[in-house]
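Trainee: One structure coming up, written as structure tokens, with questions to follow.
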Amino acid sequence: MSETLATDATTPAEKKDFIRQIVREDLASGKHTVIRTRFPPEPNGYLHIGHAKAICLDFGLAAEFGGLCNLRLDDTNPAKEDPEFAAAIQDDVRWLGYDWAQLRHASDYFEVYYLAAQKLIRDGHAFVCDLSAEQVRQYRGTLTEPGRHSPFRERSVEENLDLFQRMRAGEFPDGARTLRAKIDMASGNINLRDPALYRIKHVEHQNTGNAWPIYPMYDFAHSLGDAVEGITHSLCTLEFEDHRPLYDWCVDKVDLVGHPELLQPLLDKGLPREAAKPRQIEFSRLNINYTVMSKRKLTALVEEQLVDGWDDPRMYTLQGLRRRGYTPAAMRLFVERVGISKQNSLIDFSVLEGCLREDLDAAAARRMAVIDPLKLVLTNLPEGHTETLQFSNHPKDESFGTREVPFARVLWIEREDFAEVPPKGWKRLVPGGEIRLRGAGIARVDEVIKNADGDIVALRGWLDPESRPGMEGANRKVKGTIHWVSAAHAVEAEIRLYDRLFSVEKPDDESEGKTYRDYLNPESKRNVRGYVEPSAALAAPEQAFQFERTGYFVADSRDHSASTPVFNRSVTLRDAWAK
């Protein structure tokens, strides 16, 4: 992809968070003339809502300041990575409304990393260690006790270079040796206690095949990847704050800016020379109640078939949220409202739902659908009576136009809109009572039909002929208005009523001996058969509607068709979880 300026999907008012203030100061002082950021996910799973915050920040920041943002796939652990995940990541970024200046892979820089590691060895900053993983843990020490030097720490430069070259040649089995940095085994920051820079893994790589039996560790590859790409502001969440000293150590000791010869493999590949010294800046991660965002736990939900795959609309993956009906605009609005800070906090899920309601209230056309149908026969209309009514597609926006809705003698209405024995304050249908049928006139119930078990199966009533649209009687006051669909014309649809996957605010809380599995909400998905007006059935996959008086729904991206409509409830009209 050609190097183009990042384009933000929104043009918000100037934001005042601490990261943007740093960027403004860096530009004003002349420290940087062009801002460069990157979004560097590992392609070992699907992105979740927490990644949306990072995406919007990385790409949005570059766009706001006329800079560039790369998408870099951190493919340094091939045993857990898959091209399927890499493709999904790219799809998710574009879905959110962003595009990258360049698509890069950490594997593009494997030769640079190798040369950098050799430089560290020559400079006396790295050594090949023969300790096993368990022995390394024993030597590392604790938070209160310093670590001990590896017995292999004082190998000569020549021996280290030879062993590292033989590691590269594939002479040794997995786990036999590592390349470690020489930093400080007494440091209070355990990340600085001679961390591993390379490990042996005889695993085929998706991009490089079997060319490399050794792979760089995350901290080494991540910091140098930023330096290689000339990233000015490397943004990450607070859990990496303790890694920043190691990040800076790698950048400073390798010094790609001062040693351009290390970048020759990039030039050989036709990649530009852009090296610079990056600055890591940490911000709070996104934590939302009623969710889990651990990749391990999300994977378990899928593998244990507790959900219907990574794009299950109850999942907090971007693929799942998209299938649920969440929009890019709602996601960006949510990130903007959450804001950027250094203080971890728990965001209420209702904030996310509110952003979706706000977006769809403006963006979604209206349709009528009946979720739990009850038949209403208007006996004063002739058998076979059918007419066409004109309905506005959006009560607040004339640009949405109008549509034709068939009206007939037999209708489906919501079962919950009738009460044989109404509670106090009831404003819908009752025996002998009147109600306004949305856009059609005023109806009265005269007879309740029951089956042998005493269940209500139908209502028989009367439509006031003087209350039809355009007539003076149409303005007659009645207690309420209900929606309906014509029984003869409506299309039967599968309607999936989704709700929050977990029933408690903190499903990660295991203080009572329970796990997140114990808090799964049994009502998180209900499949019902209902009826939608004909124009709704013709929706394209992922087309959103407000089903009047019911909620916001989206045509399912996988299963929906005009002949077999499937709609997912994205969000209710009001917060059903409000306390």
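Every residue, even glycine, has its Cβ placed from backbone N, Cα and C.
Here Swiss-Prot flags 41-51 as motif ''HIGH' region', drawing on sequence analysis. Positions annotated as ATP binding site by Swiss-Prot: 42-44, 48-54, T237, 285-286, 293-295. Under the heading L-glutamine binding site, Swiss-Prot lists D74, Y218. Here Swiss-Prot flags 292-296 as motif ''KMSKS' region', drawing on sequence analysis.
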Trainee: Quick one: Cα separation, S294 (ATP binding site) versus D74 (L-glutamine binding site), in Å?
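Mentor: Cα of S294 (ATP binding site) to Cα of D74 (L-glutamine binding site) measures 18 Å after rounding.
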Trainee: Calculate the distance in Å between the alpha carbons (Cα) of L286 (ATP binding site) and Y218 (L-glutamine binding site), and round it to a whole number.
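Mentor: Computed Cα spacing between L286 (ATP binding site) and Y218 (L-glutamine binding site) is 22 Å.
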Trainee: Kindly report the helix/strand/coil residue split of the motif ''KMSKS' region' (292-296) according to DSSP, in that order.
Mentor: 2 helix, 0 strand, 3 coil
Trainee: Spatially speaking, which of the binding-site residues E42, H51, T237 is closest to Y218 (L-glutamine binding site)? Use C-alpha to C-alpha, please.
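Mentor: So, of the listed binding-site residues, the one sitting closest to Y218 (L-glutamine binding site) is E42.
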Trainee: When the pLDDT values for the motif ''KMSKS' region' (292-296) are averaged, what is the result?
Mentor: 91
Trainee: Could you tell me the C-alpha distance between E42 (ATP binding site) and D74 (L-glutamine binding site) in angstrom, no decimals?
Mentor: 5
Trainee: So for Y218 (L-glutamine binding site), how many other CB atoms are inside 10 Å of its CB?
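Mentor: The Cβ of Y218 (L-glutamine binding site) has 17 Cβ neighbours within 10 Å.
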Trainee: Which chain-mates of K53 (ATP binding site) that are at least 6 residues away have a CB under 8 A from its CB, listed by sequence?
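Mentor: Spatial neighbours, sequence-distant, of K53 (ATP binding site): R285, L286, V335, V338.
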Trainee: Could you state the whole-number distance in Å separating the C-alpha atoms of D74 (L-glutamine binding site) and N44 (ATP binding site)?
Mentor: 9
Trainee: DSSP secondary structure for D74 (L-glutamine binding site), reduced to helix/strand/coil, please.
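Mentor: For D74 (L-glutamine binding site) - judged by DSSP and reduced to three states - the answer is coil.
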Trainee: Reduce the DSSP letter at H51 (ATP binding site) to three states and note it down.
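Mentor: Once the DSSP labels are grouped into three classes, H51 (ATP binding site) ends up as helix.
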Trainee: What residues, ordered by sequence, lie under 8 A Cβ-to-Cβ from T237 (ATP binding site) and sit at least six positions away in the same chain?
Mentor: A54, E282, F283, S284, R285
